[in-house]
Amino acid sequence: MASEESRPLLGTNVEAELHAERPSQLEVYLSKVQNQNLYLATFAAVLGPLSFGFVLGYSSPAIPSLRRGNVPELRLKDSQASWFGSVVTLGAAAGGILGGYLVDKCGRKLSLMLCAIPYVFGFATIISAQNVWMLYVGRLLNGLASGVTSLVVPVYISEVAHSKVRGMLGSCVQLMVVIGILGAYVAGMGLEWRWLAVWCSIPPCFMLGLMAFMPETPRFLLSRHQRPEAIAALQFLRGPLVDHEWECRETEAHTEEQQELKIAEFKNPSIYKPFLIGVAMMFFQQVSGINAIMFYAETIFEEAKFKNSSAASVIVGSIQVFFTALAALIIDRTGRKILLVISGLIMAASAAVFGIYFKIALPTPNNFTHVNLAIPSLSVMVGTEQHPLAWLAVLSLGLFIMGFALGWGPIPWLVMSEIFPLRARGVASGACVLTNWFMAFLVTKEFHDLMVLLTPYGTFWLFSVTCLLNVVFTVFCVPETRGKSLEEIEAHFQRTH
Ligand code: BGC
């Protein structure tokens, strides 16, 4: 096996070595695998991210609908509307902690099924809301469910998949999130907020029903010494033609001796290295400014004189769906790192252009500070007339969203599910989810203050710089996990200290 000398985080020599060492048995095994049931199990699981996309997309059409509605107690003021949108991220951060606990204690499958409860109760609370607090509680429950889902589903998929399709299936998590966001926007064009909440509660019900018939992951079963159940799960997931015993033994070789993770083990590079990489990826995903820019989208399209700003949201949602699907299709061929680099560069360039637009379009800096909105309105800032360069804002916004969808959207979630050793998976993924959602909360909540402090162009140039840092971080720190089994990735981190 590999020598003990220290190596770069994931040098090409290691990669080549891993491929050369790969037993041809793996190729033989993979050539006989039948994927239908694996796709079915993935489909059942990604109904979770679909539900959380619905939760994320819900507030955009629901807020105007609530304001137009005939219940005076529910006509949200600006600050209430901003909380209605952002309280989800706080619930989801808490969901990260809960999810990290559940996924190890109850298993991947049961944790996922349990998510359906706060989803449905959350929407039921919103549907029956008599006052603003009931709306907040409903959103908080929805957020909690979203946080648990965003942890459990990537872990479930990476553990049932095999290395040939793990990237594609793992990327379906983000694909379903953006389809959910788009689904909520489209339905919101025709449904008022209550019926929209009824519509959004359908996917978690389906997830609950379908997941009941799917297996627990073989890795989790083996870690609990439930070998016959693990073999049965592999028979379901890989079809009858392969040697299930062989895959079981391969996985077992790494899971047999595993005990509960102790805090002191965080001194061990095979634990803290992937931990830091995972948490940093989530941090970088959010400081790219994606949620602030998505929040801003409608205003930008309004400024460019798009008659129907909800149609503009649908356009943004469609760009995300298209390019996330493209990333899912190519990721197992291109690898993760190259897509992250391309994505970061596109985002950095488009955020810089966006900043230039603001610099040119804003006659006097800081003339927006009096605007009492969560985010200063672009039309207030640049006047009610369409600026001749409005197309530049729309173009750079479209490019930014495209760049995000190609890499920094799906890949942090995928890598999170791949790099942690099995016994650290719950705790470490919990820390990632917590970081992601807490940063999402901070960025969306503090965006206004940042615009006042740094001016709008300064803010977008700052996002541009953070996107460049994402690229530098990717090049030096992110391991390439394409084509490797989860056990090979674990072994890699064990060897690189
Ligand atoms: C991010 C969310 C974001 C969503 C948008 C996810 O990967 O974690 O913060 O709102 O993508 O598509």
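Heads up, the Cβ atoms here are built off N, Cα and C, so glycines get one too.
Annotation comment: TrEMBL describes 37-482 as domain 'Major facilitator superfamily (MFS) profile'.
The annotation transmembrane segment is assigned in TrEMBL to 38-61 (among others).
The feature transmembrane segment is assigned by TrEMBL to 81-103 (among others). Cβ atoms under 8 Å from those of the transmembrane segment (81-103) belong to residues 55-56, 59-60, 62-63, 66-67, 110-111, 114, 132, 135-136, 139-152, 155, 295, 374, 425-438, 440-441, 444-445 of the same chain, restricted to positions at least 6 beyond its ends.
What TrEMBL records for 110-130 (among others) is transmembrane segment.
Summarising the annotation, TrEMBL assigns transmembrane segment to 136-157 (among others). Residues 42, 45-46, 48-49, 51-52, 55-56, 58-59, 83-84, 87-96, 98-100, 102-103, 108-109, 111-112, 114-119, 121-126, 129, 166, 169-170, 172-173, 197, 204, 217, 413-414, 416-417, 425, 429-430, 432-433, 436-437 of the same chain lie 6 or more positions beyond the ends of the transmembrane segment (136-157) yet place their CB under 8 Å from a CB of it.
Taken from TrEMBL, the feature transmembrane segment covers 169-187 (among others). Note on the transmembrane segment (169-187): residues 38-39, 42, 46-47, 49-58, 60-61, 150, 153-154, 157-158, 161, 196, 199-200, 203, 310, 313-314, 317-318, 320-321, 324-325, 327-328, 331, 405, 409-411, 413-414, 417-418 of its chain, located 6 or more positions outside it, place their CB under 8 angstroms from a CB of the stretch.
Residues or ranges marked as transmembrane segment by TrEMBL: 193-214 (among others).
When Cβ-Cβ distances below 8 Å are used as the criterion, the transmembrane segment (275-297) is approached by residues 85, 266, 312-313, 316, 344, 347, 351, 354, 375, 378, 397, 400-401, 404, 408-409, 411-412, 415-416, 419-420, 424, 428-429, 431-433, 435-436, 439-440, 442-444, 447, 459-460, 463, 466-467, 469-470, 473, 477-479 of the same chain, each at least six residues removed from its ends. The feature transmembrane segment is assigned by TrEMBL to 275-297 (among others).
Under the heading transmembrane segment, TrEMBL lists 309-331 (among others).
The annotation transmembrane segment is assigned in TrEMBL to 338-358 (among others).
The transmembrane segment annotation in TrEMBL covers 389-415 (among others). Tertiary proximity for the transmembrane segment (389-415) is limited to same-chain residues at least six positions away from its ends with a CB under 8 Å from its CB atoms, namely 150, 154, 158, 167, 170-171, 173-175, 178, 277-278, 281-282, 284-285, 288, 290, 293-294, 296-297, 300-301, 303-305, 315-316, 319-324, 326-328, 331, 336, 339-347, 349-351, 353-354, 356-357, 360-361, 378, 432, 436, 470, 478, 481.
Within its own chain, the transmembrane segment (427-444) is flanked in space by residues 85-86, 89-90, 92-93, 95-97, 99-101, 103-104, 143, 147, 150-151, 154-155, 261, 271, 274-275, 278-279, 281-283, 285-287, 289, 291-292, 295, 412, 416-417, 420, which lie at least six positions past its ends and keep a Cβ under 8 Å from the stretch. Residues annotated as transmembrane segment in TrEMBL: 427-444 (among others).
Taken from TrEMBL, the feature transmembrane segment applies to 456-478 (among others).
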